[in-house]
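A.B. asks: If you scroll down you'll find the structure; I have some questions about it.
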Amino acid sequence: MAAPSWRGARLVQSVLRVWQVGPHVARERVIPFSSLLGFQRRCVSCVAGSAFSGPRLASASRSNGQGSALDHFLGFSQPDSSVTPCVPAVSMNRDEQDVLLVHHPDMPENSRVLRVVLLGAPNAGKSTLSNQLLGRKVFPVSRKVHTTRCQALGVITEKETQVILLDTPGIISPGKQKRHHLELSLLEDPWKSMESADLVVVLVDVSDKWTRNQLSPQLLRCLTKYSQIPSVLVMNKVDCLKQKSVLLELTAALTEGVVNGKKLKMRQAFHSHPGTHCPSPAVKDPNTQSVGNPQRIGWPHFKEIFMLSALSQEDVKTLKQYLLTQAQPGPWEYHSAVLTSQTPEEICANIIREKLLEHLPQEVPYNVQQKTAVWEEGPGGELVIQQKLLVPKESYVKLLIGPKGHVISQIAQEAGHDLMDIFLCDVDIRLSVKLLK
């Protein structure tokens, strides 16, 4: 029997040492395993001509996918496969993605399908929820408004069921679109997506005191025009409410006290909490209110109500299972290996834009133009991306680069990590800043 190699002996010794300290401490000690296994560093972010690399905060076994033998040996907990079973990656090659999108669906005989539209105010958390339902981040997420600029499509395929998610921009008024010179897609896409919807998910951020007390007039008009489409209410970030009585008031207001054709039963001793600005749970007959009635602040035709907490994945699992059960017999629209209809370049541009929104102040990120100069596979199979960031002011250049290049380095590092998780390959990303003349 051949003697074990030096690398194999070191690996066994390291694994045993990690196993002895326990999985919680072990997570911070597993990073060096990549060198023991002979793996290359998974992400190198090169910014404005200066090399930048940061350690990947995950075990080396992640490079071979979830649920590896190394994780099981170390006692690491595995993700719930019932929430995100076999989540496909997105190809970094546009031609491969295009071929996959037109490939004949590999559906079973008893296939079922459901098209779901997510509607809500800007920054309500629609893209975050979409990513959670898909099991992989493919849509940009930011604390700033209008991160989603146009309709984006994601696909959930489990067993015989396929759910198609349409993540839309936050609904805005025509006046706001003109006043802020926003793209027309922000105004039109939520309405267009309703034309092919089987179910509408209305998302409300209950932590936002300015928007949580009522559905916007634009959203109510959209629901009224397509009233034949079933809808459900999802109240997001309920863990942010310190007093749960506020949650009851909001539920009564947003549903006009009616869910699935039945009036909500509230205790007579229930009183409004100061500062919520919600009406009494006692409401009029919803059928007697006209569409243009200024007193209408809710929608009395929701079939179900779901409450999501950022602290619990079980809430997302419950919503996902509901969507799967609502699917009707019909042919799939996509192959089971499809996760999103976006091109790799679109995903990359959106992710970088997300980081711009997160790291740049006020109006600056909205005035940055992105131009991809290089998109190719490197000699080691890594994805090489070079993108130019074009700005109209010298002051924007300084803000984007930051002291000693810190800001643009951070943007590239975070974008590279996200893209790695999307494409499941090494990513070499280079960003440069140029002043528009």
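Using the three backbone atoms N, Cα and C, a Cβ is placed for every residue, glycine included.
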A.B. asks: Which one of S173, S280 shows up in Swiss-Prot with the note phosphoserine?
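C.D. replies: In Swiss-Prot, S173 carries the phosphoserine label; others show none in the record.
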A.B. asks: I'm validating the feature mapping. Which of 63-66, 167-170, 175-178, 211-214 is tagged region 'G3' in Swiss-Prot?
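C.D. replies: Within the set 63-66, 167-170, 175-178, 211-214, Swiss-Prot attaches region 'G3' to 167-170.
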A.B. asks: Mean pLDDT for the region 'G4' (236-239), rounded to an integer?
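C.D. replies: Computed over the region 'G4' (236-239), the mean pLDDT is 92 on the 0 to 100 scale.
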A.B. asks: Using DSSP, what is the helix/strand/coil residue split across the region 'G4' (236-239)?
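C.D. replies: Taking each residue of the region 'G4' (236-239) in turn, the totals are 2 helix, 1 strand, 1 coil.
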A.B. asks: Is it possible to list how many residues within the region 'G1' (120-127) are helical, extended or coil according to DSSP?
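C.D. replies: For that range the per-state counts are 2 helix, 1 strand, 5 coil.
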